[in-house]
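*Asks:* Got a structure here, written out as structure tokens. Questions coming.
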């Protein structure tokens, strides 16, 4: 069966992340290296359903390794959640003689891929692309490292003005269910406190902590808050609480937003994407299916898709402790 | 009278901007060059009132030319708006044998300086420091160029994700009363529309324009909105309007916020700050007072403070037209 | 005659500079705005001679405003210096019904354009694109501002290591005939000395100056040297001289090289490029020829090409003085 | 014995790297957290010999996490290689009641620390700080990740101009004995070839490879060369060889140089530095000595100093293969 693969398709799905283009490039070039054909699918599963395909060779992916976003575009597809949608998709793949599919995306995209395989026996392989780093089976998802640097750069800028004015800033970073971005950038940005969904600090402890740090002579402070944190309903309520319960603070809020998803990928993400693309294609060529490629202990490893979907990444407790010590 | 100047003071006031440190450095070093003493005043007029002073020499300002924010810190002072406050400030200056004051800040700070001079005959000189570029008498205020690059870098990142998902983004940039940042970054960021306080585009024209650009095949769009724009009460209402009145758009909002005020100053702002510091000190040494230094036609020029305060900077109409042509 | 223009061609020639793509985009979109056709010529005059043309519309230039380099590529053409070469070029333009030519480049490229016009009466318009800022008739050439920021960023990095090790660094920046880059980045980078072709400092004065600054307690130093500086035959001889004539210095050399030509253009360069493209096209449409568009006193102005070629830009003497004062 | 530790000293030694300041901050704050005193030693072992010490508390290290270089300065010390030198150093530590020493540096610095411990039984702990990533016992040295991003950013800029002019660029990056920087940045920068000391490609194979890639239509190429590569005596000889043996290439050389050592540390390096500082201090407090802290499989681990010195890091062979596949 492995010998049958002569043509692969690749798509990007879900929220885009820096490094997706580098991964597409790697998939396409690894195909070229092994003399198999490669098709790019536009707009994720939407394009699969519509047969929005494009033949790609080594030249098609020139000059994209350093570009954010995805040249194949991405989308969320409702129709792919229906059997009819998936049947259309399968028909297009078969008509185009495609023998395997590489899906670059997150949890939701992998779930789609798994169901697709279960229904049609079509070989699929996942590459974890999301800035949130919330996928089991890899220490780093594509785009996480780049997003960290983007956030830290923004925190550095905000600190300039915070310390010029003795202000307290609440900075919201991405991470609806996971505090990885908040935790790492909080430590790297020298934040006094870091609020993450995995740990309920409680409003009072936050106020205590800020008061304590103020007593040591600190006149400006940064608190990094993950989108998904549950302390306040949202970051503006957090500000209101502090305004009402703490004296003498000039509190500001900054929501970093979508710029966290863009920008040229970092060296780390480009190298990771290149390695993942090679591993994904070669695993399909070896006859494997239903796996996600990942970085574990500095090596490329495969994790079954169902494990990658169900498994829960844990917050680095050591890092939480480092954060506490650093805000001494 | 000019011969009398043996000691100057310098302060930063109002919102901070990148280049303020470079200007402080220049004031201090120009004093050193002319063998006069220099005192740094902390927290703007607040520190003037409290006598929060520090002697500064050429070494005190090492390693700050590339730092955002202001090492002298900044503040807004209510007390300086009272006669009593200003009297205290004057007393501290006299007791410390200070003969002239350089104020780095915006309109409000210059108004304070002018009143101070009128009451006590104390020589004052202004350096325009604000990212908004809304001060008459200079083509560029300190920090404007840096803020432009910060904003354009963020727009570039957002465009990566916008074009991957075929989204419409409203991006809010600073500029409460002036659209200079929005206009320049809108052109540089390739925005489809730019909404500024100086020009009331009207909701309908905005919708028309977006529909037109969509018909030409554009699937993602960026609209840059100045904080002070009056079309919608705020940018979120703008989003709601489009959500309700336009079909098929996935609209997102990004408020860039305070990171626009920070970061290492651009080459332009560092050079401008260095030139302005020299001009400010040497003008005081020549016996001049109540002026603001500015960049006019590539040269350092003086504008009377009252003109700088009252004068209104105009939006570059040519640039508005360029923006229209570019979104063809 | 002005009414005759229905089709323009645009090319980039000579050394590339950041902002060239933004200028191409502006030329193309201004043509679209005025409903005239536009042709892109590849590889400068080489492509003109070979008829290497491509029709361009508003969509062809999407997503390039923030890219360094030039999508039309650039080259230096020996054949265009011959009458035969220019005849071939003219033939291609006529055969393609092109009515005017926009040349984005430097002195040499403008000389070619002028001769071409004199021989064939073909309307030409120049846009000054070079990082060196050595073209008469504009306060800023395209790419100059971006290159300044690239250099200053590199100097900041080198200073980190210089001051950690108490070292003296000679940093060579571009500028074969002009010290504009060296002078501006030297001031912005806090250099102790700046060596430019326009001013012969002399080795002894350099050594004196370094010794003096060392006596004030400075243990590390940066000297910015323009490529074209005549003090030493090259920067390595400069290092040797200091090694042999000054004690206790650990001298290092860094030649920044070609990275100065690349990178995403700054906001300033993108806006400038957009304005210049509009002005160039509209001037041709008005029947003008043999001009270069330029930025003078913040406005778009035309300068006859022969003046732009022969005129000599002068170094800003005020800036030289500011540099002296700052290294107090 | 562990209970005896009441005061630690910290120094930076050898070539500086981004993240050293973040590590100093972490050592100082971890001391503060555990209520022990901390002394900063200036200029590495030189300062140890001279007793150039400074008491440091949590406030001394504010605002340095994002700064390149080292506030404690660094130096290479000949005197510390003598018994007399080390005796002086020991005397100063004893007189100042210091109970343990944290050394942030590379191989050479660790050798000094180990000898020092063997002679005087003085507790020492190493933190690997070098951009070269050539230290055994850690997957990442401090500064490596930052340097990778600096190099990749420079390659991106050079590629802009390379592809505009169809040029071949040899880019020299740091790494005297190790190709880690070259290998990673070569993959991330999309280099056609990567020349590293660990692998002797041979001139002919290089020429073959370039010719092959040219035949596939590539008109510009990037070759990344590690400083320590042995193919040519140096990169300029490499250029000469290609100039003489390959036709039609316009070859340029760029030596990136010392800017690779500076700049604000990446998020990764700041987090790593924070974790390493905590681990180093707490390991000394637990009575351990003669270890280096390192990152192994995402965890903080200790490696005996002698192993860290003698052990040889290996080049990632998988990455070499990925590089080959990518330049298909």
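Glycine too: its Cβ is placed from the backbone N, Cα and C atoms.
The model shown is predicted, which means the values in this text are computed figures rather than measured ones.
So TrEMBL says this about it:
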DOMAIN    B:7-283  domain 'Phosphofructokinase'
BINDING   B:15, B:76, B:77, B:106, B:107, B:108, B:109  ATP binding site
BINDING   B:25, B:26, B:27, B:28, B:29, B:159, B:190, B:191, B:192, B:218, B:219, B:220  ADP binding site
BINDING   B:107  Mg(2+) binding site
BINDING   B:130, B:131, B:132, B:167, B:174, B:175, B:176, B:227, B:252, B:258, B:259, B:260, B:261  substrate binding site
ACT_SITE  B:132  active site, proton acceptor
*Asks:* What is the separation, in Å, between the Cα atoms of residue B:76 (ATP binding site) and residue B:176 (substrate binding site)?
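*Replies:* Just about 17 Å between their Cα atoms.
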*Asks:* Go through the binding-site residues B:77, B:107, B:109 for me and flag any whose C-beta is under 8 angstroms from a C-beta on chain A.
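*Replies:* It is none; no candidate comes close enough.
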*Asks:* Compare all C-alpha positions of B:25, B:26, B:27, B:28, B:29, B:159, B:190, B:191, B:192, B:218, B:219, B:220, the record's ADP binders, and send over the largest distance in angstrom.
*Replies:* 53
*Asks:* Provide the three-state secondary structure of residue B:77 (ATP binding site) computed with DSSP.
*Replies:* coil
*Asks:* Among the binding-site residues B:77, B:109, B:132, B:192, B:219, B:259, say which ones reach under 8 Å of chain C by Cβ distance, listed as they appear in sequence.
*Replies:* none
*Asks:* Let's check the environment of residue B:29 (ADP binding site): how many other CB atoms sit within 10 Å of its CB?
*Replies:* 26
*Asks:* Would you mind checking how many other C-beta atoms are within 10 angstroms of the C-beta on residue B:106 (ATP binding site)?
*Replies:* 24
*Asks:* Looking only at B:15, B:76, B:77, B:106, B:107, B:108, B:109, which the record lists for ATP, tell me the maximum pairwise CA distance in angstrom.
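*Replies:* That value is 14 Å for the farthest Cα pair.
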*Asks:* Using C-alpha positions only, work out which of the binding-site residues B:15, B:27, B:29, B:192 is nearest to residue B:174 (substrate binding site).
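*Replies:* Smallest Cα separation from residue B:174 (substrate binding site) among B:15, B:27, B:29, B:192: B:15.
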*Asks:* Which ones in the same chain are close to residue B:259 (substrate binding site), with CB under 8 Å and 6+ residues apart in sequence?
*Replies:* B:150, B:154
*Asks:* Just name the winner among B:176, B:261 (the binding-site residues) by count of other CB atoms within 10 A of its CB.
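*Replies:* Answer by Cβ density within 10 Å: B:261.
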*Asks:* Let's check the environment of residue B:130 (substrate binding site): how many other CB atoms sit within 10 Å of its CB?
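*Replies:* Around residue B:130 (substrate binding site), other Cβ atoms within 10 Å: 26.
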*Asks:* Rank the binding-site residues B:107, B:132, B:192 by the number of other Cβ atoms within 10 Å of each Cβ and report the first-ranked residue.
*Replies:* B:132
*Asks:* Which of the binding-site residues B:15, B:109, B:192 has its Cα closest in space to the Cα of residue B:132 (substrate binding site)?
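*Replies:* Out of the listed candidates, the nearest Cα belongs to B:15.
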*Asks:* Sort the binding-site residues B:77, B:106, B:108, B:130 by C-alpha distance from residue B:190 (ADP binding site) and give me just the closest.
*Replies:* B:130
*Asks:* Compare the Cα of residue B:27 (ADP binding site) against each of the binding-site residues B:107, B:109, B:261 and report the nearest.
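*Replies:* The smallest Cα gap between residue B:27 (ADP binding site) and any of the binding-site residues is with B:109.
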